[in-house]
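To start, the structure itself, in structure tokens.
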Amino acid sequence: MRNFVNVVARSFSLSSSLLSHLHKVQFSPRKISPHLATITEVIDHCKRLTTRVSFDEGEVKDDNLNQMLNAVENAPESTTRKIGTAYVHNLCKAGNLFTAVRLLQSLCDKNIFLGPSAYNIILEAASEKNDIAILSQVFKDLIVSCQSLPSTSYLKLARGFVKTNDDVQLLRLVKEVSEMTFPSSMMVVNRIIFAFAECGQFDKALLIFKQMENLKCKPDLVTYNTVLDLLGHAGRIDEMLCEFASMKEAGILPDFISYNTLLNQLRKVGRLDLCSVYSRDMVESGIEPDLLTYTALIWSFGQSGNIEESLRLFNEMKTKQIRPSIYIYRSLIASLKKMGKVELARTLLEEMNASMSNLASHKDFKRTRK
């Protein structure tokens, strides 16, 4: 038997309500011998099968499903995933999602796991059909079968909920996934929240966040940082500040990501007075400012007319051997010109041009936790 890593054999039975919707597929009488067929022959045969779909003739014949199962099961190990995924792709393309689900689950029962890509195909097809039942079930099955999911799977799940306002189904799914993945559920729920935020579904992401009060897993630093960022991007600054306060009240200490998120979002909406408040709070908490922090503060103080503080911070970051970026130089030069300090602006421009090759790049804005 083939050796598959991190596969959990799990039975999956479609409910009678789902089974009643299964459709008959008319197959070619030509059979493929799994032992003799090449990959191209199997895939070509799959295309013929799934392009001859009749949606008005009842259920899919089990012998034809078994034919696909045998073709995958008896294929060389190096081609198993390719052949199985091709079947799934063409079944979904023909609109026969239920058969695709049955195929995946039958293979899983035989300890044959096609990998996340095959499941993603069904997730995307279910999303296009707005079929939340299949979307939810396939995602749960993928969670059980795969120890670590790629971000694409979470994003496809989130996109599947774009066209629906059924919060009950969403929260039920999150609760079930949380219970299925405990004690690792915190990471999974965080990734779900992040995916919904990435898709611009801020309200649904916040709904899941609030639901965590009723789950075994509770919000952690990653959860709050995600929520702070999505609230900032949504322009809901007051809510962002409230969640920051709630975070501290819950005993979760903010990190540099938390403060940088606040400073950057406050800067964008012109709340420059609060930038000063939270920058002091950051320093008092013992968190060292980084390039992103200095960028936000130098711009903020420059915009508010406090060019002296901007220059002080600029010199401080260089003393700490944090390389300035071209954005910081341009911000300072623009503020100096605005204040009528043309000579100093010219000096900084010459300094910037002379050190162009040593300026911080976009990669330097990324900082990892220690």
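Keep in mind that glycine also has a Cβ here, set from the backbone N, Cα and C atoms.
For reference, TrEMBL has these:
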- 185-219: repeat 'PPR' (REPEAT)
- 220-254: repeat 'PPR' (REPEAT)
- 255-289: repeat 'PPR' (REPEAT)
- 290-324: repeat 'PPR' (REPEAT)
For the repeat 'PPR' (185-219), distant same-chain residues with Cβ under 8 A (at least six beyond the ends): 143, 149, 151, 154-155, 157-159, 161-162, 167, 170-171, 174-175, 177-179, 226-227, 229-231, 233-234, 250, 252
Mean per-residue pLDDT computed across the repeat 'PPR' (290-324): 94
Helix-strand-coil residue split for the repeat 'PPR' (255-289), DSSP-based: 26 helix, 0 strand, 9 coil
Tertiary contacts of the repeat 'PPR' (255-289), as residues 6+ beyond its ends and Cβ separation under 8 Å: 221, 224-225, 228-229, 232-233, 235, 237, 240-241, 244, 247, 296-297, 299-301, 303-304, 317, 320, 367, 369
The repeat 'PPR' (220-254): DSSP-derived helix, strand, coil residue counts: 26 helix, 0 strand, 9 coil
Helix, strand and coil totals (DSSP H, G, I; E, B; other) for the repeat 'PPR' (290-324): 26 helix, 0 strand, 9 coil
